[in-house]
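As C-alpha cells, the structure follows; a few thoughts come after it.
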Amino acid sequence: MSWTRVVVLSSLTTLLILTFSSVVKSAAVRDDSKAGDPKGAARHVFMPESDASNFFKHRSRRSPRYYSERQAEQRVRLSANERRREYNEEQRNEFENYVEEERDEQNERSREKNEQVREYHYDGLYPRYHWFH
C-alpha cells in the first residue's frame with residue numbers, strides 16, 4: 001500500500017511541476033493574434049468552389065470518362081504489360097542460359113568420368129564384344 005502512495009505522490013508532483021514550468025509554455029500553442037493570415041492558409045489548402053464542383057462532376061461514379069482518359073489509361077496499361085513481358089522474357093532467357101551451361105558442365109563431367117572408367121578397366125582387347133568374358 002505504501003508504494004502506491006509513493007507513485008501517486010511522485011506523479012502528482014511531476015504533473016504540478018510541468019504545468020507551472022516555463023518549458024511547457026514554449027511548447028504550448030500560442031494565443032497571440034499575430035499568427036499567419038488565415039485566409040492565405042485556407043487558400044493554399046482549399047480550392048475554389050467552382051473547381052471543386054467541376055472536379056466532383058467529372059469524377060463522379062456515373063459520369064462517363066472521356067475518350068482521351070480511356071486512351072491514356074490504356075496506353076499506361078499496355079506499356080506496363082510490355083515492360084512486364086520484356087522483364088519475364090529476359091528472366092526466362094537468363095534461366096535458359098544458366099540451365100544450358102549447367103547441363104553442358106554436367107555432361108562434360110559425366111563424359112570425363114566415363115572415359116576414366118573406360119581407361120581404368122581397359123584390358124587391351126579392343127573390340128567391344130571381347131570386354132565381357
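Keep in mind that glycine also has a Cβ here, set from the backbone N, Cα and C atoms.
According to Swiss-Prot:
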COMPBIAS  67-95  compositional bias 'Basic and acidic residues'
COMPBIAS  106-116  compositional bias 'Basic and acidic residues'
MOD_RES   Glu69  4-carboxyglutamate
MOD_RES   Glu82  4-carboxyglutamate
MOD_RES   Glu89  4-carboxyglutamate
MOD_RES   Glu90  4-carboxyglutamate
MOD_RES   Glu94  4-carboxyglutamate
MOD_RES   Glu96  4-carboxyglutamate
MOD_RES   Glu100  4-carboxyglutamate
MOD_RES   Glu101  4-carboxyglutamate
MOD_RES   Glu108  4-carboxyglutamate
MOD_RES   Glu112  4-carboxyglutamate
MOD_RES   Glu115  4-carboxyglutamate
MOD_RES   Glu119  4-carboxyglutamate
REGION    57-116  region 'Disordered'
SIGNAL    1-26  signal peptide
Three-class DSSP secondary structure - Glu115 (4-carboxyglutamate):
helix
Rounded Cα-Cα span from Glu101 (4-carboxyglutamate) to Glu108 (4-carboxyglutamate), Å:
10
Closest of the modified residues to Glu115 (4-carboxyglutamate), Cα to Cα, picking from Glu69, Glu90, Glu96, Glu101?
Glu101
In which DSSP state, out of helix, strand and coil, do we find Glu96 (4-carboxyglutamate)?
helix
Compare the Cα of Glu119 (4-carboxyglutamate) against each of the modified residues Glu69, Glu82, Glu101 and report the nearest.
Glu101
